Amino acid sequence: MSSHSSNTESLSRFPLWQVITPVRRKVLLAMALAGLAAFTSLGALLFLAWCLRDLRGAPDIIPVWPLSGVVGCVIATFILRLQAFNTSHYAAFHLENILRSRLARKTLQLAPGALQQMGSGSVAKVMLDDVKSLHIFVADSTPLYARAIIMPLATVVLVFWLDWRLAIATLGVLAFGSVVLVLARQRSENMAQRYHQARERVSAAVIEFVQAMPVVRTFDSGSTSFLRYQHALEEWVDVLKSWYRQAGFSARFSFSIL
């Protein structure tokens with residue numbers, strides 16, 4: 001009982017992992033394959049350094065074993081990364097199918113008043129845009145997360161083994177860039193909320209214009225309905241531009257450091 005409650009508490013801290021529960025095993029397999037690909041990629045660099053050292057010591061002798069290690073690690077990296085992304089993409093498509101089916105069944109169970117209160121734009125955003133945004137997390141981000149965690153850790157261990165002073169300097173630069181990136185993301189939370197609200201208004205205006213097309217053709221030229229869509233679209237563009245201006249420098253600066 002306690003293990004079940006602790007598991008539920010840990011999942012509540014990471015809601016995305018709770019959403020991808022139906023395909024979690026496939027996602028973990030994809031992350032494991034991506035982690036192995038990170039190790040083989042680092043191994044290719046080590047074999048390349050070994051090859052260059054042997055060539056420097058004996059230019060007339062071909063270093064067969066280091067070259068074989070480079071080729072083997074490169075091939076293994078390619079196969080593992082390809083398999084990881086295939087696994088994660090299949091899991092993402094399966095998850096989209098499951099979530100849209102569950103959302104459709106849940107929508108049918110709601111009262112008409114609740115649907116009217118939510119608005120067609122919000123419902124369409126959840127079933128289309130929000131579920132589609134999960135595809136990016138499951139299909140692309142999870143293998144990259146594994147690589148982004150394992151590769152730096154393995155590199156830091158290797159650099160500490162080579163020279164501890166170089167390792168400390170490297171960690172200092174990474175820490176500074178990470179702090180700048182975290183501060184930039186904290187300032188953009190309000191802009192992200194405004195961006196999603198503007199997208200909901202655009203979706204609602206489009207659905208309203210399409211659903212009212214027979215009435216528009218009969219009683220109106222369409223200018224009033226289209227004007228609401230145009231205003232919603234212009235508001236979305238203004239929010240997007242202001243977000244780019246606000247986060248542009250800090251994001252570029254932190255990424256250049258990292």
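Residue 1 is the first one shown; counting continues down the chain.
Glycine too: its Cβ is placed from the backbone N, Cα and C atoms.
Features reported for this protein in TrEMBL:
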type	residues	note
TRANSMEM	27-50	transmembrane segment
DOMAIN	28-258	domain 'ABC transmembrane type-1'
TRANSMEM	62-80	transmembrane segment
TRANSMEM	144-161	transmembrane segment
TRANSMEM	167-184	transmembrane segment
Segment proximity, the transmembrane segment (167-184) to the transmembrane segment (144-161), 3 or more C-beta pairs under 8 Å = yes
The transmembrane segment (62-80): which same-chain residues, six or more beyond its ends, come within Cβ distance under 8 Å?
-> 33-34, 36-37, 40-41, 43-44, 47-48, 50-51, 54-55
